[in-house]
Amino acid sequence: MLIAVSSADRLDLWQAIVLGFVQGATEFLPISSTAHLKVVPVVLGWGDPGVAFTAVIQLGSIVAVLSYFRQDLTYVLRGLVSAVRRQDFRSEPAQMGLGILFGTIPILIGGLLIKRFIPDYDNSPLRSLAAIAIVSIVMGLLLGIAEQLSKHQRDLSQLRLADGLWMGFAQALALIPGVSRSGSTLTAGLFQGLKRDTAARFSFLLGIPAITIAGLVELKDLLEAGIDGSSLGVLAIGTLSSLIFSWLAIAWLLRFLRTHNTWSFVVYRIIFGGVILTAIATGTLQNI
């Protein structure tokens, strides 16, 4: 049972489950799911699964975050509706809602520009292992700086539209493989003085529109290109695996950040990037 994910690579059922786990376990941690979905299969000799497969199984992560934050989303939506009726957007849920809406615009524009002007982005040098490793180290250092400088004082009740815009521009950087959408938005939130778990919580909510749209677009492209039933089944299994482990990762990270700082992720990202660069330099790993 195989699924075509690019012109050269195919995944079997077990590989789809493993990559679903990798996607789910890393999507909401500030370590880049895209980087791990590129590195893990290459290290295991499976090849690069490609942008399309990565984007589609992210839909499992979206179902997880919608389920986990259903009360938050209801609160925000009701607040937005009430704000529209009253023409007063100063309330907490209205500010959160506007932050999510306007914070989504930068990554949508960036994604459209890439799709329009870089049709072969799947094979871009930015997706090479060396580029991903360097980006991982740089983003790890930025997270460390944010952790050190942040006041960690502001919670969701103090969230404003400006925070959503700032984190939205940071989210757009995640179009570069290895940046980490969760990592870039968490870093931006910390620079804004948000508490760690507050920055993470809003980061998850902010990511819902962008990840959903990206996943649906890639799924549509796959269906239009022609994909058989067995391949859809394997893709579904990978997405289900992503859903389960995404939910677990969200729950764990929010608990972790209430009582811990982000230095463990900083160290991990630097080591992750360093190991990849060393492996490439020594010829242990091919820079694909």
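For all residues, glycine too, the Cβ spot is worked out from N, Cα and C.
Over in Swiss-Prot, the protein carries these features:
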type     : residues : note
TRANSMEM : 11-31    : transmembrane segment
TRANSMEM : 49-69    : transmembrane segment
TRANSMEM : 94-114   : transmembrane segment
TRANSMEM : 129-149  : transmembrane segment
TRANSMEM : 159-179  : transmembrane segment
TRANSMEM : 199-219  : transmembrane segment
TRANSMEM : 234-254  : transmembrane segment
TRANSMEM : 265-285  : transmembrane segment
The transmembrane segment (159-179) vs the transmembrane segment (94-114): 3 or more CB pairs under 8 Å: yes
Selected stretch (most C-beta pairs under 8 A with the transmembrane segment (11-31)) from 49-69, 94-114, 199-219, 234-254, 265-285: 234-254
Surrounding residues of the transmembrane segment (49-69) on its own chain - C-beta under 8 Å, 6+ positions past either end: 3, 5-6, 9, 11, 16, 19-20, 23-24, 27-28, 33-34, 37-38, 41, 121-122, 127, 201, 204-205, 207-208, 211-212, 214-219, 221-222, 235, 238-244, 246-247, 250-251
Chain residues outside the transmembrane segment (234-254) and at least six past its termini with a C-beta under 8 angstroms from it: 1-3, 11-13, 16-21, 23-29, 53, 56-61, 63-65, 67-68, 197, 200-201, 204, 222, 227
